[in-house]
Amino acid sequence: MFTDKETHRKPFPTWAHLLHSEPSKQFVFGNWKMNKTLTEAQTFLKSFISSDILSNPQIITGIIPPFTLLSACQQAVSDSPIFLGAQTTHEADSGAFTGEISAPMLKDIGVDFVLIGHSERRHIFHEQNPVLAEKAAAAIHSGMIPVLCIGETLEEQESGATQDILLNQLTTGLSKLPEQASFILAYEPVWAIGTGKVAHPDLVQETHAFCRKTIASLFSKDIAERTPILYGGSVKADNARSLSLCPDVNGLLVGGASLSSENFLSIIQQIDIP
């Protein structure tokens, strides 16, 4: 672990600057989930960091490794344009919570942002909206950016309940944040994650526009306009461009396709910048 964090501070724009700058920036985050050993991560980053594709200042790239790789990845990306994310956090700062990791711990090792409420956390580990609200607040208070993940199941989508589900997830999940908080939203329809099914760009745009309107009602029009809203769900190089062309899509949350540096770079290369 570094003893002098100032000497390893990334020489790139801060999160606050990125989230308050022009809205044309696109964010592309790769969620590794429960994958990669240390050796595999080192191999990935060696080829990934050296790519010229990452030189576009309008595209903000982040990787989200498992907890065991965060420190090593932080050292590897500290002098690169790549930001570091965590897959979840506990809502408490410390305590008798065996197996958990807190937001201050993540911030201490250089994590920039943290996923809150990924669909696998919601549906496999039964994380509920009120707890996710506490986790989002914990991330903010520790100096990280929460990426609140929301989405509906296939049954909910087919019954026409998508907007009701998302409204509840947004209203509760963001309820503990300060009025001027900076956060990122990720819409990931559960039926599209890891299934090969991709939401049609028209549906994605409609849903993202609804989310932005909801953020405006919960916070302000200004915050809604500057909040990046990402799409996640079977994102690949052959659909990344069409998704990024949606006016209210500000980036992509990539799952399995981000495990290969070649595939992930191909996706980033397809991102459309106005």
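Cβ coordinates come from backbone N, Cα and C, glycine included.
Listed features, source Swiss-Prot:
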type     : residues                                            : note
BINDING  : ASN31, TRP32, LYS33, GLY194, SER234, GLY255, GLY256 : substrate binding site
ACT_SITE : HIS118                                              : active site, electrophile
ACT_SITE : GLU188                                              : active site, proton acceptor
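As a whole number, the greatest separation of Cα atoms within the substrate-binding residue list ASN31, TRP32, LYS33, GLY194, SER234, GLY255, GLY256 is 14 Å. Counting only residues at least six positions away in the same chain, the Cβ atoms of ILE64, GLY85, GLN87, LEU115, HIS118, GLY232, LEU253, VAL254, GLY255, SER258 sit under 8 Å from the Cβ of ASN31 (substrate binding site). Within 10 Å of its Cβ, the residue among the binding-site residues GLY194, GLY255, GLY256 with the fewest other Cβ atoms is GLY194. Each of the recorded positions TRP32, LYS33, HIS118, GLU188 was scored by how many other Cβ atoms lie within 10 Å of its Cβ, and the smallest score goes to LYS33.
Taking the Cβ of SER234 (substrate binding site) as centre and 10 Å as the limit, one finds 20 other Cβ atoms among all the protein chains shown.
According to DSSP, ASN31 (substrate binding site) is assigned to a strand segment.
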